[in-house]
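Here's what Swiss-Prot has on this protein:
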type     : residues : note
ACT_SITE : Arg145   : active site
ACT_SITE : Lys169   : active site
ACT_SITE : His238   : active site
ACT_SITE : Arg241   : active site
ACT_SITE : His264   : active site
ACT_SITE : Tyr273   : active site, O-(3'-phospho-DNA)-tyrosine intermediate
DOMAIN   : 1-84     : domain 'Core-binding (CB)'
DOMAIN   : 105-286  : domain 'Tyr recombinase'
Amino acid sequence: MNKIQESFLYMLKVERFFSKHTLKSYHDDLVQFNAFLEHEHLKLKSFEYKDARNYLSFLYSKGLKRTTVSRKISTLRSFYEFWMTQDDTVVNPFVQLVHPKKEQYLPHFFYEEEMSALFETVEADGHKGLRDRVILELLYGTGIRVSELVNIKLEDLDLNSPGVKVLGKGNKERFIPFGNMCRESIERYLELFPPIQNVKHDYLLVNINGRPITERGVRYVLNDIVKRTAGVTDIHPHKLRHTFATHMLNEGADLRTVQSLLGHVNLSTTGRYTHVSNQQLRKVYLNAHPRAKKEK
């Protein structure tokens, strides 16, 4: 890793507020690129468009998914753009390289019956049971990311509205409302919160030692719930986020509103959930239209 690449990563951290996970991906992309340069006896500054095409072929030869290749090329394009701001003799060899098209996939989600089964499994009694229910209520009821969930502090809650303030990607703040069931679960949980708090902090969700729960801890909680729920498998925080978006659209929420609630920058990111919702539309159509009922 050379100085200009280190400066690039530093800029992403302090100016664009990239997460540790994203920064690691950018770092690994640059390390892989440097290894390619060394193997092919190429120089960073004299790297040309034809070399960029060869690198693209190299990535595909590794059997990588198109989404992964697209991200790696995007990293290098951004790096050279940054370098150009520092040195006007630098040319971006990736600027004309066409992005490989991303695979299209439908997000996995739970049906409403499955969500009901999950909630029925959680014992809303005692601190652990109440906490686990709050985790499930917030992830499904607001669609927030697990990273946003574990960073919720008491001051972020508004039990009057009710809703919660979270800090999303790019340090962007947003407020998400939630329903009465979620509010009641939080209120019951908070009644038992002060006695078990033996570490000074103001985070909402804690483990058995009173310390802030981690993302790994949340995943453990969800897996434990699924193990005790008949007919439900394969749970993870993002699947609950997918479920939130899908159910909102199925019940008539407009795409822009869901985009705002999820904290998506691009509407196209939210738009993938409409493909899932179209399944519900077709179900309604088949049940309602006289000429369509025969298609069943």
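Cβ atoms here come from the backbone N, Cα and C positions, even for glycine.
What Swiss-Prot annotates, mapped onto the structure for a quick look.
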{"residue": "Arg145", "record": "active site", "CB count, 10 Å": "19"}
{"residue": "Lys169", "record": "active site", "CB count, 10 Å": "16"}
{"residue": "His238", "record": "active site", "CB count, 10 Å": "14"}
{"residue": "Arg241", "record": "active site", "CB count, 10 Å": "21"}
{"residue": "His264", "record": "active site", "CB count, 10 Å": "17"}
{"residue": "Tyr273", "record": "active site, O-(3'-phospho-DNA)-tyrosine intermediate", "CB count, 10 Å": "25"}
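Residue counts for the domain 'Core-binding (CB)' (1-84) by DSSP state, with H, G and I taken as helix and E and B as strand, are 64 helix, 0 strand, 20 coil. When the CA atoms are compared, the active-site residues lying within 10 A of His238 (active site) are Arg145, out of the candidates Arg145, Lys169, His264. Cα-Cα distances to Lys169 (active site) place His264 within 10 Å, out of the active-site residues Arg241, His264, Tyr273. Taken together, the residues of the domain 'Core-binding (CB)' (1-84) have an average pLDDT of 93.
For Arg145 (active site) paired with Arg241 (active site), the C-alpha to C-alpha distance reads 7 Å.
You'll find the Cα of His264 (active site) roughly 12 Å from the Cα of Arg241 (active site).
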